[in-house]
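Enquirer: Feature annotation from TrEMBL assigns active site, 4-aspartylphosphate intermediate to 418. What TrEMBL lists as compositional bias 'Basic residues' is 1207-1217. As annotated by TrEMBL, compositional bias 'Low complexity' applies to 1218-1228. Here TrEMBL flags 41-105 as domain 'P-type ATPase N-terminal'. Here TrEMBL flags 875-1125 as domain 'P-type ATPase C-terminal'. Taken from TrEMBL, the feature transmembrane segment covers 300-325, 345-369, 906-926, 946-967, 988-1007, 1027-1044, 1056-1075, 1087-1116.
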């Protein structure tokens, strides 16, 4: 099953003739009008529900249908300025003022629109097929006391359906019953959030026995619930059965798109259908992003419009001045307003429109299509298939989810990164703990080792005594293992600590009920690590039902004794980002009532009972110690409950749970009443190790001129130490810390006046920011100024983002090399990203792995998702997806830089070749009295962009490479050229424009001047169409050769494309001028090329004119490379004798599934097929596949050029040379 991405309304709610007959007879008086705040659904009663006109279950994610495709598709295409311009030109070309045939402009526009519309149609057709597949899937619906297979699209609200194991839920269902005991089922939500761990759902007890069709047919329930909304994790409603009200929560809702696991089948009632299901209401489009270069391209197009306007204005003025009755011999046709000497103003206006159509090729119509094609291939073939960004451990390749932002990757200046799961592995390991004021655990964390290296202290991690360490448990302290905790001074406290770990959670056990084989399905890696720790301490959680948890406890009563203890779970107060804690109320077998609570230290300490100050103080010190070691901490506490207190509270809890309005708020308020006067047990410390290669990656990116900001929800101490461990911050930096954890702020907090606290905090933040900014300015003016780093927490950041302080924060932070924001919310992450993106106008990239990073990812210019342990929500919202943070090096420094270079070359070359071609026509206008006479044949002008110069520019956009991938990473400073936008400045555009003007003058005047005395084989002088064909041939040869000059590497594809384009021109003109067509215009050039090629003049001109036109370019390129080289050119010279053996390798797709021939072909593909030297003017040598294949042990047939080359080398090799061991080629 795939995800749904549509957002259009669909499905018809009106009952149809072919719908399923209801199994119930309905009285109309039973139906009540719908309240605006909630909906009422009558289960198993279609006629009653039909009056409410609920939407059907058919979904549509397509953008078009049969009737809207053409108008809507054309509207989308003409939203582009260039396409709209050419539509206007095409209309003009159909009028009498046009000097060219309509085909000249209509044909290229039609081709561009056709390609774009075919692409749109193909994508929408795939979406339509996917919709049809989903809508026609079958599910069993209750009909006349039987389960009848029915397509999803025919489901209606209120239907009773049965979903079998591994099946997908066709709509949002109220869970009624399952084949599992106690009415539970297991659900996988991978299609919603990417998480593969199973979730448990529990049916209302009143409906547990609705399993058989006979029993469920008698069901007459009424559901009152919230209106459809897009909140995946909330649901408020009540089920009314026989006047009994049963509260409904998200645990009773089965969402469309999820699948059933480990359950034979379930029975449910349809609540929301089609586009009203939660998953469909969440299927909003990712915000559309355009690259900065593309936006600047729009400005270039506008500049070309300006140039076009000036050319036409000049021509129209010249026409009005030139036309005069004294030129009687020109025989002006006064019947045409455009040639009437008595109305010069009208002549000028009409000539203006004539020249617009004549000069229209100055705007490159095929530019957008070519750039889109290049970007698409770059994404799908290069980025997605790069072995350097393939993570073998998780079998995850890189994924470009959009091709619009490839070149943006080459200009990123600021990276905003999450910490957990992005810089770290999000593979949590129980590492240390504090119980009753005593620290346990002897390990040394990675952060502690990094801190020790920084301070010069030698620290050795103690080796673990255990033979094997379980995943999630990296704890070593004999005092707690194998029952040794009984000998500690606080054994009762230890026992409560372990029970809290084993009971206070929502983990699901899977597999055999043995410690070795059991698997835990947890909502987060932290929670799984805590349960695994409890198991290793002798409190083995092995079974869960909706009301019970079973724990196998060892060494409790006496050493060696093992007993299975059932704990009745009465209430679960779930964790959320507001509460920052989770509580479980359980009943012991002896009737004792206990509340266990775990959560953030700040939240737990606020709810502790008075007394025992030493334990609180020591535990806080331990928390700070763990935080300084880069560990994630949680506090554990408990509370014994009296039965009467619990019963009184539980009534309030049930009442809040049944509320239809503000249920979450009321539940939180009720939870506050019992989560107080807690007794502190201790705290846990979990290590989340750094991902492989993170420090080296950050160091490389810093050298590339990229500034990295870490935005995390962790404590300041933890974040700072992680920043040190990954080399984001070092001792050589000047650090500015803005923290809300100061004595002065705590004193104001203790007074409880929130208004005064806000005022005081704002003043403090303003004062600190001003002080930091002034101090930073002093450092910046020093000769050897240290790098600056800012560390700020969420509370200070909240006030710093105030509109009055935002500018000061931005100015200061932009001067910092590194910024660490701690304790920040997802909204603050997005706000910080937008601050730099919009306030500083810098290219930003956000990278994260969790749902809390989505807003940050979507706020940045480029969003990168890490496919990690926290599901796929970040990936689904991202523009690019990678498996590890270290792959950013290849994504930015290699693919990003290459893409930026290539797209810049493509755009500037398009600008150059179109300007050169149009200016030759412009110079001709001066010799025709500004009459608008065309120089070139209509078909020449039509096919210039579409055929004769199209392929080479695509090849350079795909294969041009200034330096290899290895050198790109070896010299990360090369990336700064992209940050400075060195290759798409107006200065660069002006340089190309200058040479376009120069070449157009050479091409036009050299050909015209040389042809004045040239004669054909019949002794006749050349006419207009002879000269124009000669000039057009020179233009084609010149612009194609100019493309070769700008290439950094030349492969066989460059030669084939350039040679093929020139050859295709000759083939076309041979056929076009050699065949008589009914078109009168074609008579002008009939047999022209044959006449031209029969003269020596043709061959001299085609050689000398392009050389003259390109000579100045050659001199300029040489002078620029010699005296004002770019950074990449310096690197090319350093490594000019080193052959580039790197290439983008294709991903292996499981060679066990390939045939022997496919395996051999794959092995050949991995060989370095193209060899090139980066000297700026280098030419490619043939690929010696057979030689490299022999080195790799792969058989490849000998190629002719290999044999010839070795033979020539043997014949020339007369001086003995020292043999050198051949290097085995490696993929860089």
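Yeah, the Cβs are placed from backbone N, Cα and C, and that goes for glycine too.
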Enquirer: Tally of helix, strand and coil residues over the domain 'P-type ATPase N-terminal' (41-105) according to DSSP?
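Expert: Reading the DSSP string over the domain 'P-type ATPase N-terminal' (41-105) gives 30 helix, 2 strand, 33 coil.
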Enquirer: Check for me, if you would, whether the transmembrane segment (946-967) reaches the transmembrane segment (988-1007) - at least 3 Cβ pairs under 8 Å, residues 6 or more apart in sequence.
Expert: no
Enquirer: Mind checking which residues of the chain, 6+ beyond the ends of the transmembrane segment (1056-1075), have their Cβ under 8 Å from one of its Cβ atoms?
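Expert: For the transmembrane segment (1056-1075), the nonlocal Cβ contacts are 939, 943, 947-952, 954-955, 1029, 1033, 1036-1037, 1040-1041, 1043-1044, 1082, 1085-1090.
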Enquirer: Do the transmembrane segment (1027-1044) and the transmembrane segment (300-325) share at least 3 Cβ pairs under 8 Å, sequence separation 6 or more?
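Expert: Counting Cβ pairs under 8 Å (6 or more apart in sequence), the transmembrane segment (1027-1044) does not reach the transmembrane segment (300-325), since there are fewer than 3.
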Enquirer: Let me spell it out: take the transmembrane segment (988-1007), skip the flanking residues so only those 6+ beyond its ends count, and list any with a Cβ under 8 Å from a Cβ in it.
Expert: 300, 303, 904, 908-909, 911-913, 915-917, 919-920, 922-924, 982, 1027, 1030-1031, 1034-1035, 1038, 1042, 1101, 1104-1105, 1108-1110, 1112-1113, 1116
Enquirer: Using a Cβ cut-off of under 8 Å, list the residues of the same chain at least 6 residues beyond the transmembrane segment (300-325) that approach it.
Expert: 81-82, 85, 332, 339, 341-342, 344-345, 347-349, 351-352, 355-356, 359-360, 362-363, 907, 911, 915, 922, 925-926, 929-932, 989
Enquirer: Within the chain of the residue listed as 'active site, 4-aspartylphosphate intermediate', which residues six or more apart in sequence place their C-beta under 8 angstroms from its C-beta?
Expert: 710, 711, 712, 829, 847, 848, 849, 850, 852, 853, 856
Enquirer: Suppose you look only at the domain 'P-type ATPase C-terminal' (875-1125); what would the mean pLDDT be?
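Expert: Summing pLDDT over the domain 'P-type ATPase C-terminal' (875-1125) and dividing by its length gives 89.
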